[in-house]
Amino acid sequence: MTREENSKVTRRSARFSSSVTPDNPEPNPSHQPTVADLTFGEESITLDALLSSFPGRRSQILDLIRLIGPLDSPALPVMVYGDASTGKTSVALQVFRHLNRPFVYSSCRTCCSPRILFESILNQLLLHSKCSSNGYASAKRCDKPSDFVNLLKEALSSVVETLNSTKPERKPMGKMVYLIVDHVDLIKEWDKGTMILQFLFSLYSVLKMPQLGIILISGLPPDVYYSNVGYTDPLPVYFPEYSEEELRQIFLKNQANKKLYSAFLDVVLRPFCRVTRRVEELSTSLTSLFRKYCEPLDDLTISPNEDLKRRLYSNLKPHITSCLNEIFRISSRPLDGDSRGERRQKASYSSEKGEELEMLDFHMSTSAKYLLIAAFLASRNPATLDASMFDSTGGMDNRKRKRKASEKSMEKKEMAEQEAVMKGPGSFPLERLLAIFQCIASVGDSSFGEEEDEEGEDEATGYDKESKNMMSDILLQVGSCPLEGSIRYRSMVSEDLSLKVARSLSFPLSKYLYRR
Amino acid sequence: MGKENSAEKALNLIRGRLCDPTSVFRPLSGSSDSNFSKLKFIVSTSITEGCNNSILLLGPRGSGKAAVLDLVVGDLMEEYPDSVTLIRLNGLLHSEDNCAFKEIARQLCMEHHLLFSKMASFDENSQFIIAMLRECGLAHKTIIFVLDEFDMFAQASDLLLYSLLDAMQSVTSQAVVVGISSRLDADQLLEKRVRSRFSHRKILFLPPSREEIDSLLEHLLSLPADSSFPSGYVSQFNEKIKNITSDTRFKDMLKTFLNANSTVNSLLKFIFRAVSSMNLESGLLSLENFKTALSSMQRQPKLEAVRDCSILELYVLVCMRRLEVKEQSSYNFISVMKEYKTIHDSFQTSDYYAQNVCLRAFEHLREREVICYAENRGQSQAVEYRPMKLLISASELHQGMRSHACCPAILLKLLDH
């Protein structure tokens, strides 16, 4: 347990420096954990080292240290809150490394149910490690808050007793134990999450043990937890987003050639900060961009002069805008290669995350492309127009005589457009999709001969296995219609993607789209 | 070095006082018509005269109900050492009947040094409790049941309350049921049969008056003149405290703070924060400590969230606000993007990004709970089409953008039109 906890702790504290990934060995059975293992375990660091390793967090670190207080000083519960990747967890853990006090850490991200959370805390307090000899079982079984309170009281009193009698060899450890619970905002999504949250907030007053200090780390501000029952607000410590200056210091921290990187940051940081200020998102895009920046240089250790800086910037400039538009993409292409034609990926559009994978060069079979277009048309066009759109002459030019639009009809058109935007794509049954597919594929059959050779055998009208797999990516199953009892689907493909696919097939998509 | 040591000791002493509710409420309970004396009178008469009683302590959260009860119980345990048993239940933990009966049985066993079996069933537990009540009554021992978060017991199910109050109706038992709740209508939540067995005694805990607060501050912050501190330091410290508390600026600060939240608990948190920022080198408190504590207690989370936004996220918020102003009752991401495009076309801003970048900014805002889905039912729609709504008001957005570090002027102009 202890070595696992230590390695878990080291990994988390090294966020944007070069990350160390130690392997997790089975805890040595001959190493009996003692109370001293509840501290951070490594060499304690001085306050100056702590402050310098977190640029821009000086006031928050000092605030946290003051609220925790000197040795053996009772403390009220503290809540550290701030946006993602603002350094809350790492700062909290490093503060405890500096103070060298025993603490117990559990995160609600890994402990995803109350039982796991309670048992993890108890295991750490009872110095119990899960290994093969005890069948990887926890020390005590506990899934209700009432049991947890009783067991926690016993465990804490035994730990405090041991702390009272041990003589520490290095810095004194004090007689208090601190409980750190991370990612408290995730509890809201648990089953009975609100009860658990209220319990957690009132834990300090229920336990009435002055030797326990509680620190909660949350991604959401305290006002989302307000409730009528059981809520006593803890003392808040706020971690704001980094300013540009602080971001610059963070990114410069572990660079080999600081002058070169700072010249790079001068031109790049400001436009990127307009989009996002989160460290994790910036670092992924900045690393790839830095590689491009350094491409023309032979020697990466030189410090650039003004002239060189200007040349490097003009070399980089065209890439900056395109990189900005890809800023949230985690590119799956290898970082140094630029081979675009090689990849074979299916285009998929995940609805919840809203991220598109690299879609410019994907490889789809022709039938799959037609299916995609058919699904798009089925969602966009109302069903009643199908007959006229897809008659045997294979699509037509239904341009009526254009009348001058009156103001009222313009207004109605706008309202209808707004409604259409709000409603989103419509739903359709599977038969309609296949019918449209048959129609448009027969249109494309005539121009089929010029398609790529490997597709020659693949009939455009076939509904093969690959297309079936792709369908689950582009279609969303909507409920069953109560009248017909069949399942309806909705297409999730955007207009841009469909246009691109249609262009690759030279399919006249705009003729088939119904425009109000 | 010695100075710092005594400063640390003083700090620990004061913090210890602030974290322990009983030491805070003892000076407040001195007078004869305080809640403390009323409660003590009721409970001690039921002990001495051997009768049953039930009482409710009501008041806003943090006004010291549990603390005063602890003081009363502590005193009574000293005065009548063998005739009082205390059973504590909490509505957050024990609102289910199984849990509640198990917990009562467990605590009874601990008190009377009996072995408690975790496997005992619900029936066995309830029979045990009733038997214990009878036995204690015959032996003239009073059991005090403390039910914290009483409204949760009242709402969950009435089996526990009914069996307790019913058992109290019999002649042989001697029990006092004390309910603590922050809902002032807690007794209205009871069912009819329980309410009829409940004596409607209530003690209301009101916020303390100005004089009580002043005396409380003095009591909490003064160092005792005993030998563990150097005497010069003690008098210096207490002198500084007197100066601060009589300063008009401090009085104003206190008044603004108490206007927002007048319970004793919040005052304690404020003082805790101020004391923790004490300068350990000089070892004395100053007005600055209280000022910083006040500003950190009065957080405005939504304003901070807007200040933390990147410029693209501000654009999204401004577009949503403009759509609201145009009286579009519901809007989704696609309509926000349309508005974004019109703004870019008419003003030629330099911040025009692709749709997926804007979608990610949208998601950031949603994670931070600045915007949210307008309805929960629309699960079958893709993210871009679900209707959204703003969770911050126009004035908060305005204020946030004005105090933003690098908000472009055009955004402020767009917000106003």
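Note: Cβ is positioned from N, Cα and C throughout, glycine not excepted.
Here is what TrEMBL says about this protein:
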REGION    A:1-35  region 'Disordered'
DOMAIN    A:54-202  domain 'Orc1-like AAA ATPase'
DOMAIN    A:261-310  domain 'ORC5 lid'
DOMAIN    A:364-513  domain 'Origin recognition complex subunit 5 C-terminal'
REGION    A:389-422  region 'Disordered'
COMPBIAS  A:406-416  compositional bias 'Basic and acidic residues'
REGION    A:447-466  region 'Disordered'
COMPBIAS  A:448-461  compositional bias 'Acidic residues'
Mean of pLDDT values spanning the domain 'Origin recognition complex subunit 5 C-terminal' (A:364-513): 69
Helix, strand and coil counts within the domain 'ORC5 lid' (A:261-310) (DSSP): 36 helix, 0 strand, 14 coil
Helix, strand and coil residues within the compositional bias 'Basic and acidic residues' (A:406-416) as assigned by DSSP: 10 helix, 0 strand, 1 coil
Tally of DSSP helical, extended and coil residues in the domain 'Orc1-like AAA ATPase' (A:54-202): 74 helix, 16 strand, 59 coil
